[in-house]
């Protein structure tokens, strides 16, 4: 029972990681295609985008999703997301154009070339959409890297803990065998034990602090849930008394 309970969170994390990888690849594929259309020079916008490794992976993921979900469903989802992204990008573009106009007037009143200085704020909806896609992809990749680094650090912590124990045992055996004087041997063993205890405290404090923080958050959620249930039960009792 304990093994199945402990393996369930790892399965959820793995599923979330796989889904996030798929989403990141799709977003980056869309961002690459969009940025090539929007930010390329005028003479190169009509050329076909160069097919790199990331674009090939994005197309493969898109074909896989078409196979799993279905081309029609995937097309409907893609069109819906495109319309939503276009509406958001258009609103942001209008806001940036208004902001650039106000800033240009203020800079012109100060004797500066306001139109030239605020040219970078005049973004089209397609350019805003490109920034949003790259930003979403960067956030997903950041989450994946954080998860991966957490797993790597956890594994390295276990390995370093075992290595620390092996080094301590080797030092203990070497001291007992090589130091003939009992007083010197006792002092060296005391120093070795003190060093081992300090290293154990320093390496274990971070993990214990993170575990304690997670437990505190879990208890806070449970307390909030109990309060909500008590309020709901009190409201139900009041309604019954009024009836």
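The backbone N, Cα and C atoms fix where each Cβ goes, and this holds for glycine too.
Positions annotated as signal peptide by Swiss-Prot, on the basis of sequence analysis: 1-33.
What Swiss-Prot records for 34-83 (among others) is topological domain 'Lumenal', and it gives a curator's inference as the kind of evidence.
Feature annotation from Swiss-Prot assigns transmembrane segment to 84-104 (among others); the stated evidence is sequence analysis.
Annotated topological domain 'Cytoplasmic' per Swiss-Prot: 105-135 (among others), in sequence order. Note on the topological domain 'Cytoplasmic' (105-135): its mean pLDDT in the predicted model is 82.
The transmembrane segment feature in Swiss-Prot is assigned to 136-156 (among others); the stated evidence is sequence analysis.
Annotated topological domain 'Lumenal' per Swiss-Prot: 157-185 (among others), in sequence order, evidence recorded as a curator's inference. In terms of DSSP secondary structure, the topological domain 'Lumenal' (157-185) contains 26 helix, 0 strand, 3 coil.
Annotation comment: Swiss-Prot describes 186-205 (among others) as transmembrane segment. Residues 157, 160-161, 164, 168, 171-172, 175-176, 179 of the same chain, all 6+ positions outside the transmembrane segment (186-205), place their C-beta atoms under 8 angstroms from a C-beta of that stretch.
Annotation comment: Swiss-Prot describes 206-243 (among others) as topological domain 'Cytoplasmic'.
When the topological domain 'Cytoplasmic' (105-135) is classified with DSSP, helix, strand and coil residues number 23 helix, 0 strand, 8 coil.
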